[in-house]
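Written below as structure tokens is the structure these notes are about.
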Amino acid sequence: MELKTQSDWVARSLRSVWHPCTQMQHHETIPLIPVSRGKGAWLYDHEGRRYLDAISSWWVNLFGHANPRINAALKDQLDTLEHAMLAGFTHEPVIELSEKLSALTGHVLGHSFYASDGASAVEIALKMSFHSWRNHGHTDKQEFVCLKGSYHGETIGALAVTDVALFKDAYGPLLRASQTVMSPDARTAAEGETAADVARRAAADVERLFIERGDRIAAIIIEPLVQCATGMAMHDPLYLQLVRALCDQHKVHLILDEIAVGCGRTGTFFACEQAKVWPDFLCLSKGISGGYLPLSLVMTRDEIYQAFYSNDVTRGFLHSHSYTGSPLACRAALATLQIFEEDDVLNTNRVKAERLTKALQPLAQHDQVRNFRQRGMIWAFDAIDAPKDFSRRFFATATEHELLMRPIGSTVYMMPPYILSDEEIDGLAANTLAVFNQVMAG
Ligand SMILES: Cc1ncc(COP(=O)(O)O)c(C=O)c1O
């Protein structure tokens with residue numbers, strides 16, 4: 001007989017599923033939560049308990065679980081075309097999505113190349129950058145630059161431009177060396193310095209490196225405005241302007257990884273709009289499918305596209321993934337973009353963000369909290385003298401308060417879906433305070 005209770009699902013999962021980014025032994029003490037269904041901002045377990053998805057299920061969900069509009073689009077797409085390969089064939093959802101995304105950049109980034117997960121998009125951007133220089137005869141441009149604390153994914157190439165020791169160190173011998181420059185993290189401001197001053201200092205570090213070895217550097221890769229995985233490190237948009245200018249001056253590509261910060265997360269549809277710059281490559285994933293299906297893509301300028309356009313097959317970009325441009329995933333993305341248009345999402349988010357920031361003031365002013373920060377629909381603060389195992393204890397305690405939250409080290413953050421009601425916003429703030437106080441009390 002099939003087992004159906006909550007604890008049976010846990011036991012069966014632990015017997016056969018290897019969960020991501022987890023030391024599995026921790027599940028001897030930390031509960032694994034089997035989700036039976038989702039609705040709006042909430043996930044429900046098999047015993048009827050619910051959890052407010054305050055981190056959008058790893059930053060992917062924008063308009064809630066089981067969103068009726070995205071569901072309807074997907075059901076229609078299922079009955080039309082579930083999948084067709086994208087080499088030699090094309091289809092309506094991928095064409096419309098590429099056109100709409102291009103239009104959102106004022107057609108500066110005219111072509112989109114598709115993959116599935118974020119890390120694959122990063123791999124593509126790195127390979128494309130190197131290969132386009134090569135096609136132009138600049139074969140020495142083989143190096144990549146990343147920022148201190150950067151995170152671009154877990155595959156070998158993406159990990160090489162990631163600077164989070166916990167994820168990277170074990171695989172050090174497998175990874176190609178990259179150059180690491182200072183992070184513009186505004187928290188590192190010295191006494192009397194502004195975030196813009198830190199941005200200038202960090203850009204000077206890039207300039208130093210470009211002067212020294214710009215002829216060997218293919219690209220610099222940056223998470224614009226917020227370096228999320230390192231602990232929601234935020235910086236001044238000025239940094240992106242300065243680096244864009246340096247890239248132009250030294251002939252280095254600018255790759256902006258908007259996998260976490262794109263799709264309205266920072267207040268504008270693309271984070272780089274706040275700096276009024278466009279990159280040479282823009283990576284998008286996570287929220288673009290509304291959090292429904294794995295979809296990632298790299299948008300690029302027509303000059304880059306032209307560098308591959310030739311009668312010589314080896315000058316082409318011969319990269320592929322089986323599910324490249326999945327019609328279902330692209331249709332989910334189109335439904336997501338339609339919600340942005342129909343609901344004036346960026347403006348309504350502003351109102352929601354103001355309310356949550358206000359409701360979080362007791363935490364912002366808390367004497368065990370520093371660096372309370374917010375950009376768009378991202379909030380974060382750092383616990384002062386956080387107890388051992390703070391993050392795991394916070395996660396477990398949060399579940400007891402109907403919250404799904406996973407602090408990064410001693411940084412507590414929120415990245416909720418864009419559909420929270422006023423009541424949910426107030427509940428999120430009040431419960432986060434309660435969880436924080438309980439965990440800090442030990
Ligand atoms: C900025 C950034 N780049 C890349 C990735 C990797 O995306 P994926 O986990 O879909 O491979 C992430 C994931 O968190 C991310 O935050």
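All positions are counted from 1 along the displayed chain.
Any Cβ shown, glycine's included, is placed from N, Cα and C.
Non-local contacts of SER320 (substrate binding site) by the CB criterion (under 8 A, 6+ apart in sequence, same chain) comprise LEU86, ALA87. Secondary structure at SER320 (substrate binding site), taken from DSSP and collapsed to helix, strand or coil, is coil. Positions annotated as substrate binding site by TrEMBL: TRP58, TYR151, LYS286, SER320, ARG406.
Long-range C-beta contacts of GLY118 (pyridoxal 5'-phosphate binding site), restricted to its own chain and to partners at least six residues apart, with a cutoff below 8 Å, comprise HIS152, GLY153, ASP257, ILE259, ALA260, CYS283, SER285, LYS286, SER296. Feature annotation from TrEMBL assigns pyridoxal 5'-phosphate binding site to GLY118, ALA119, ASP257, HIS321, SER322.
The feature N6-(pyridoxal phosphate)lysine is assigned by TrEMBL to LYS286. DSSP assigns LYS286 (substrate binding site) to a helix.
With every protein chain in view, the residue among the binding-site residues TYR151, ASP257, SER322, ARG406 whose Cβ has the most Cβ partners within 10 Å turns out to be ASP257. Take the Cα of ARG406 (substrate binding site) and measure to each of the binding-site residues ALA119, HIS321, SER322: the nearest one is ALA119. For HIS321 (pyridoxal 5'-phosphate binding site), the same-chain residues lying six or more positions away in sequence with a CB closer than 8 A to its CB are TYR114, ALA115, SER116, SER120.
DSSP assigns TRP58 (substrate binding site) to a helix. Looking at SER322 (pyridoxal 5'-phosphate binding site) and TYR151 (substrate binding site), their Cα atoms lie 25 Å from each other. In sequence order, LYS286 constitute the residues six or more apart from TRP58 (substrate binding site) in its chain with CB-CB distances below 8 Å.
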